[in-house]
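As given in Swiss-Prot:
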- Ser117: active site, phosphoserine intermediate (ACT_SITE)
- Thr20, Arg24, Ser117, His118, Lys131, Asp293, Arg294, Thr352, Glu371, Glu372, Ser373, Lys384, Arg509: substrate binding site (BINDING)
- Ser117, Asp289, Asp291, Asp293: Mg(2+) binding site (BINDING)
- 11-20: compositional bias 'Polar residues' (COMPBIAS)
- 1-25: region 'Disordered' (REGION)
Amino acid sequence: MQATIKRYPTSPISGQTLGTSGLRKRASEVENTPNYLENFVNAMFNAASNLQKPGKIIIGGDGRYLNLKALDIIIRVALSRGFTDIVVGKSGFMSTPAESATIIRRKAEAGFIMTASHNPAGKEHGDFGLKLNMSNGGPAPIEVTSKIEESARNIKEIVIAELNKPLNIDSVGDIEIECEGKKAVVHVIDPLEDYIAYLHECFDFENLKQFVSKYHLKVQVDGFNAVTGIYNKKVFCELLGLPESSLKNAIPMPDFGGKHPDPNLTYAAELVHAVIPEDSPYDIGFAFDGDGDRNLIVGRGAFVSPSDSLAILSTKYNDIPFFVKNGFKGVARSMPTSAAVDHVTSITETPTGWKFFGNLMDSGKISLCGEESFGTGCCGIREKDGIWAALCWVSILAAESERAQRLVGVKEILESHWAKYGRNYYQRYDFDEVDKKAAEDMMQMMRDNAKTVKCDLNGVPLKFCDDFEYHDSVDGSVTSKQGIRFVFEDGSRIIFRLSGTGSVGATIRVYFDKYSKDYKADQTKVLADMVTVAYAVSQITKFTGREKPSVVT
């Protein structure tokens with residue numbers, strides 16, 4: 001195959017900004033704006049420190065609409081910049097955690113991940129996303145993404161290779177390309193290969209398979225018709241021995257079958273209604289988001305919140321082979337995540353965004369980390385990992401059942417944890433697609449009033465109100481304006497944040513976190529006073545016109 005380098009002038013395209021984890025835009029905007037992807041990909045190569053000299057790069061994605069077009073452009077821009085060692089997942093597939101593992105195992109300089117994560121997909125109403133990962137396997141830090149944004153704002157020229165025939169990436173193998181005298185190879189790989197090898201280092205699959213067989217474990221796994229479908233069959237059916245009937249929505253589709261791939265109680269209702277009832281035939285259920293880095297865990301009679309999952313994993317790490325082999329060095333959580341894990345062990349508190357865990361993991365300070373937004377992961381890779389979290393829970397069930405010599409369920413483990421450590425009642429309100437200026441004005445009003453605001457929580461006085469600022473203990477960097485916190489004398493917290501993962505308008509997230517030793521109370525009643533206070537101090541209805549949230553988690 002032959003390639004010729006072309007250069008042509010361009011102009012900046014407004015709105016090419018990076019949120020919590022990369023670019024997120026409506027697919028229709030990306031598709032209908034001339035040079036949208038060519039501009040942005042060139043900006044990435046112009047600005048990112050790990051793309052300034054040719055090295056090995058990995059490209060993959062969650063299978064959503066426009067991914068194949070983006071993949072083609074990334075390859076051709078890479079060729080034009082002298083990159084000769086390009087690795088892509090077959091048919092463009094590679095989950096985010098799998099790509100992190102592949103970057104690490106193949107010692108790549110960078111990874112391009114085509115995903116809008118838990119956002120819907122499709123031509124008309126779906127989103128497209130693209131993010132850059134570094135050589136450690138983790139998301140690009142703020143100093144890199146800021147330079148990419150600056151490059152996109154000032155771009156004047158597109159540099160790209162033109163191929164003499166289309167690339168075929170639907171078969172594993174090497175594609176040799178000669179680009180103006182330089183030979184390059186596009187390696188099309190099995191997107192499962194490196195990730196499954198990594199999972200074998202983390203878990204004892206023979207033991208888990210015996211456990212599944214011994215107790216006839218009934219499991220349901222929802223892949224939302226996204227990329228984890230290709231991984232779920234291998235992991236849950238081949239390695240654990242579960243029947244294929246355990247898998248739901250397991251065939252990846254460009255529009256995810258019209259599903260919203262956010263693994264929470266609202267969008268994973270099919271799984272929730274099948275597994276949570278007390279008379280359910282299922283022992284445990286899992287759902288994973290579009291790119292496979294988020295997880296929902298439910299059991300018969302039980303929903304395991306991400307915050308509780310992190311806390312329980314922190315107490316049961318000896319049941320997880322990865323930690324037995326590598327040691328357990330510490331835990332980090334994002335600031336809005338409930339303080340459940342704080343009652344178990346000392347923690348490091350970071351802003352929202354998996355990239356903030358990277359320095360802590362690279363420096364050996366932590367082994368486990370998690371976010372309230374259904375993300376859990378370990379230092380084995382540098383992304384959160386839905387399937388890894390699910391296998392941790394299967395490992396815990398296996399260990400507890402072995403000790404009890406009977407099948408121990410999710411609900412029993414959850415309630416046993418609460419009985420020992422107490423319970424953090426927790427809820428999140430999402431106000432989606434609100435006017436961006438109104439949302440920003442609301443946040444600024446609370447910042448301005450932080451030192452003078454007066455409120456109490458059913459008689460419990462406010463301890464302080466601030467705008468969370470993170471000081472990285474590894475590199476000394478400071479990240480400000482990460483969420484308005486109302487912290488009360490009993491430790492209860494109300495938190496306001498603007499999300500960085502939406503594609504239209506702004507999303508306001510409001511978090512409620514209250515600790516109690518009584519773990520059997522009604523959550524809605526426990527948090528009712530907090531909701532009233534939140535509406536009052538934020539004036540959210542006045543600013544947004546919304547009386548109710550779009551989603552409650």
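Placed from the backbone N, Cα and C atoms, the Cβ positions cover glycine too.
Feature map: Swiss-Prot annotations on the structure.
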residue : record                                  : Cβ within 10 Å
Ser117  : active site, phosphoserine intermediate : 27
Lys131  : substrate binding site                  : 27
Asp289  : Mg(2+) binding site                     : 34
Asp291  : Mg(2+) binding site                     : 33
Asp293  : Mg(2+) binding site                     : 32
Arg294  : substrate binding site                  : 26
Glu371  : substrate binding site                  : 25
Ser373  : substrate binding site                  : 26
Arg509  : substrate binding site                  : 22
*May I ask which of the recorded positions Ser117, Lys131, Glu371, Ser373, Arg509 is closest to Asp289 (Mg(2+) binding site) if we compare their C-alpha atoms?*
Ser117
*Going by C-alpha positions, which of the recorded positions (Ser117, Lys131, Glu371, Ser373, Arg509) is nearest Asp293 (Mg(2+) binding site)?*
Ser117
*In the region 'Disordered' (1-25), how many residues does DSSP call helix, how many strand, and how many coil?*
0 helix, 13 strand, 12 coil
_Environment of Ser117, Asp289, Asp291, Asp293, the listed Mg(2+) site - residues of the same chain whose CB lies within 8 A of the CB centroid_ = Asp62, Ser95, Thr96, Thr115, His118, Pro261, Phe288, Gly290, Gly292, Arg294, Gly386
*Measure from the Cα of the residue listed as 'active site, phosphoserine intermediate' to the Cα of every one of the binding-site residues Lys131, Asp291, Arg294, Glu371, Arg509, then give the nearest.*
Asp291
*Out of Lys131, Glu371, Ser373, Arg509, which of these binding-site residues is nearest Asp291 (Mg(2+) binding site) by C-alpha distance?*
Lys131
